[in-house]
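Lifted from TrEMBL, the feature list:
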ACT_SITE  Asp65  active site, proton acceptor
DOMAIN    50-209  domain 'Uracil-DNA glycosylase-like'
Amino acid sequence: MIEQLNTDWKEVIENLKKETWFKNLLDQVSLLYKKQVVYPEKENVFRCFNYFNVNETKVVILGQDPYYNPNQANGLAFSLFPGSKITKSLENIFKELESDLGYQRNNVDLTDWAKQGVLLLNTVLTVEAHKPLSHRYLKWNMFTDYIISYINKHVNHVVFVLWGNEAKQKIPMINQNKHTILSSSHPSPLSAHVSFFNSHIFSRINYDLSIHNLKEIIW
């Protein structure tokens with residue numbers, strides 16, 4: 001899984017193997033891939049770290065767990081394989097994008113965002129087929145907490161995008177004198193109307209990047 005990485009995130013994650021909990025997590029996950037149908041594909045578990053080095057991280061968008069139906073999860077939070085039928089959450093993300101920037105996006109594969117320094121990170125990185133949140137009992141949450149803390153410490157300025165109450169639990173881990181937090185309700189159909197729609201999240205991210213002399217994201 002980690003050996004697929006070609007960025008300096010590889011060293012960051014490899015160093016975690018010194019921790020017993022992380023070594024055990026990797027062993028558990030490897031075993032589950034042999035016993036269950038697990039998404040995403042094993043080689044895509046850490047894919048979100050494969051597009052930029054640590055200090056090139058500009059935006060972190062935190063998801064929950066991967067899509068649990070076939071041919072959907074590709075290792076990037078909210079993203080789908082090209083040609084997949086759009087999910088309701090991603091459809092709402094695109095609705096907000098169009099409302100905010102007037103841009104109608106049809107490509108459900110968000111790799112182009114990742115290539116610009118957007119870390120599309122799920123809190124839980126694996127899931128059993130057809131069983132949402134089935135791998136929540138694993139210690140993926142400790143891993144994502146480590147990643148957020150590492151970014152908080154080692155990158156000069158990042159925009160953290162926290163959608164939903166679960167993501168907002170990460171707020172105490174982030175130094176708001178150094179980084180920017182933008183939060184709203186989750187884009188899920190159950191909650192998008194609360195504060196996700198009309199949040200102007202994409203223009204707010206780009207405004208924040210611009211005032212910190214960082215290149216804006218082409219959404």
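Using the three backbone atoms N, Cα and C, a Cβ is placed for every residue, glycine included.
TrEMBL: automatically predicted annotations, no manual curation.
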Around the C-beta of Asp65 (active site, proton acceptor), how many further C-beta atoms are within 10 angstroms, looking at every protein chain?
21
Confidence summary for the domain 'Uracil-DNA glycosylase-like' (50-209), mean pLDDT rounded:
95
